[in-house]
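Annotated in TrEMBL:
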REGION    B:371-409  region 'Disordered'
TRANSMEM  B:15-36  transmembrane segment
TRANSMEM  B:42-61  transmembrane segment
TRANSMEM  B:68-90  transmembrane segment
TRANSMEM  B:131-154  transmembrane segment
TRANSMEM  B:161-179  transmembrane segment
TRANSMEM  B:210-230  transmembrane segment
TRANSMEM  B:258-278  transmembrane segment
TRANSMEM  B:298-321  transmembrane segment
TRANSMEM  B:333-354  transmembrane segment
Amino acid sequence: MSKSNTILYLDGVSVSFDGFRAINNLSLVLDKGEMRAIIGPNGAGKTTMMDIVTGKTRPDEGEVFFDGQVDLTKHDEAEIAMMGIGRKFQKPTVFESHSIEENLMLALKGPRSIFPALFHRRSAAEARRIDDILGIIRLGDKRNELAANLSHGQKQWLEIGMLLAQDPKLLLVDEPVAGMTDAETEETARLLKDIARDHSVVVVEHDMHFVRELGVKVTCLHEGSVLSEGSLDFVSADERVVEVYLGR
Amino acid sequence: MITGRFFAAGADRRIAITILILLAAAIIVPLLNLAVSPASAFYIPSYIVALTGKYLCYALLALALDLVWGYCGILSLGHGAFFALGGYAMGMYLMRQIGSRGVYGNPILPDFMVFLNYKELPWFWYGFDHFWVAAIMVLAVPGLLAFVFGWFAFRSRVTGVYLSIITQAMTYALLLAFFRNDMGFGGNNGLTDFKDILGFNVQADATRSALFAASAITLALAVFITWAIVGSKYGKLLMAVRDAESRTRFLGWRAENVKLFAFTVSAVMAGIAGALYVPQVGIINPGEFEPSNSIEVVVWAAVGGRGTIVGPIIGALLVNAGKSWFTGALPEFWLFALGGLFVAVTLFLPKGIIGMWDSWRGNARAQRAASLAEEAGTDPDVPPPKVVRSAATKPGDWSASGPEPQPAE
Ligand SMILES: Nc1ncnc2c1ncn2[C@@H]1O[C@H](COP(=O)(O)OP(=O)(O)OP(=O)(O)O)[C@@H](O)[C@H]1O
Ligand SMILES: [Mg+2]
């Protein structure tokens, strides 16, 4: 398989935890600019796959390439983030003791060393970018509130906003609509489709309405490898998928 | 009353008031000691000057710990080691100032070296007859140790209780090393019998007052620097690493470097505290490396309120004043009292004195606002102020969900 023109390329990836194979000979390819939805039952290895891509977990074997040429297994989290891979955690993780604006400020693309941060003053361009993002994630009126005071869904949005601030090429979004109302879920689907216009995106989600809303190619993982891949209708008609979801 | 205003003030005003009080003390206390007749009611006896000067050094040490513990969640149980190393560097300078006035009258070798049959000065004592060399070492030795220690510890992602344990091990190892006579630091007797500092008699009242003033001014400066660090973007990052370390990593920050910088700055502050401490107490010995000393510092910071800058200073002053009283009145109970205090603070005042004050003020203010709104009549357009947030949940405080970093998925 050719790696050129792929943003993410996983081939034959396996990882075990204490003998348990969480990822088992997983191969997955994402084209540049593509948005992909990943579904699969609990424990299928969806989050672990993101851990591998973002450098948190080293695969035991297999190839992981970003942008066609960068071997991600040779880099750590911070380097991978700087290359342009942003990640939203399954459990929304924001800096609770900081305001929304400060959360975005810390995520904003820019130098990542200590001394510039010590003497940093917010530039007009940065302020504009923060305003833009606050508009996109609809938290403009809460900019000075503590992130701890946000609702679960708002925290999810803030985290997505932080990804945007980071300005990555590829976004990995783990369960973005968990804990959201139907209206918020719809809003999030619109937001992600918007983002997907100029980014590559991988979305992990259990909510099938949401996945349908996204209207993109779907990959179903099970026991650490790809069970089925294609349109949502194709995947949900696949007998093996039905069996996995309904249990036997 | 000034203390009432001080406590009530917002965070930044509180810092300004603290700095002003310290600077005022640096002028007024020496004046009341030196220029007022001992018969006067305003006279401050010399022993009080020395005692409070010592407390100010402890306060600086507590502030140093607060920078890493309160703002970055690194519970160092080894800050006493940095304090002691700074103290030893100053002690070496003071030893060499004795010159030929020692018991053995050797112009180069300190008494303990003559006694132990040293033939010449060990190489690491070279240059300590110059104050500036000693001053650089006061900063460099603790700073370098913290840098090397932190480099390995943070890079290998040692956190939480494991990090606390290895910091204890570090200070314990230094304790054992400094006890040895062949280390060249005076063994278990340490360094003492100092005569002069910068040409002034260390015992003289004027020198003691000057050391007090130096301690107060240094503490004021440290408060300002800590406030500036904590308020910068780097400071926000420091707290971000405390609250969600993995989030910072996936944003591209190197959490280990963030910690390393704070840890090194903090160790340098602790070293300065030790250097100011030694001429005021007249001795430095390996006992300063005692692991329990480092734990006491944690108690000071916890009592006053970690992550508040002013809290650990108040904690250090109060606990040490209590200790001085206790060790006079009921010496055998001091350790029990200290342990009990720590348990009580952890259980009942998780945010320390300052945190308790803030939340009490916050509630009082919210209630006052609520009752004012009620008095104003039931205006349907004006919703009553919500009593949702206590003042303690300001930016930078420990997050409401608890101090431990949450594992992220
Ligand atoms: N660090 C780890 N140590 C041990 N086991 C792990 C570790 N990380 C993941 N696992 C295991 O690997 C399996 C896959 O977990 P993963 O979190 O990737 O599932 P998931 O598809 O994200 O599930 P969910 O939908 O519940 O989020 C699980 O059985 C989990 O217990
Ligand atoms: Mg998961």
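Each Cβ is built from the backbone N, Cα and C atoms, and glycine gets one as well.
TrEMBL annotations: computationally assigned, not manually curated.
When each of B:15-36, B:131-154, B:258-278, B:298-321 is scored by its Cβ pairs under 8 Å to the transmembrane segment (B:210-230), the top-ranked stretch turns out to be B:15-36. Sequence-remote contacts of a segment are chain residues at least 6 beyond its ends whose Cβ falls under 8 Å from one of its Cβ atoms, and for the transmembrane segment (B:298-321) they are 11, 14-15, 18, 54-55, 58-59, 61-63, 65-66, 69-71, 75, 77, 219, 223, 226-227, 230, 338, 341-342, 345-346, 349, 351-356, 396-398.
Between the transmembrane segment (B:68-90) and the listed ranges B:131-154, B:161-179, B:258-278, B:333-354, the one holding the most Cβ pairs under 8 Å is B:258-278. In this chain, the transmembrane segment (B:258-278) lies in contact with the transmembrane segment (B:131-154); the count of Cβ pairs under 8 Å, excluding pairs fewer than 6 apart in sequence, is at least 3. Within the chain, the transmembrane segment (B:161-179) has long-range Cβ neighbours (under 8 A, six or more residues past its boundaries) at 74-81, 84-85, 88, 149, 153, 185, 187-188, 190, 285-286, 289-291, 293-294.
Long-range contacts of the transmembrane segment (B:42-61) within the same chain: residues 22, 29-30, 32-33, 36, 79-80, 83, 205, 208-209, 211-212, 215-216, 218-219, 222, 269-270, 272-274, 276-277, 280-281, 297, 300, 312-313, 316-317, 320-321, 324, each at least 6 residues beyond the stretch ends and with a Cβ under 8 Å from a Cβ of the stretch.
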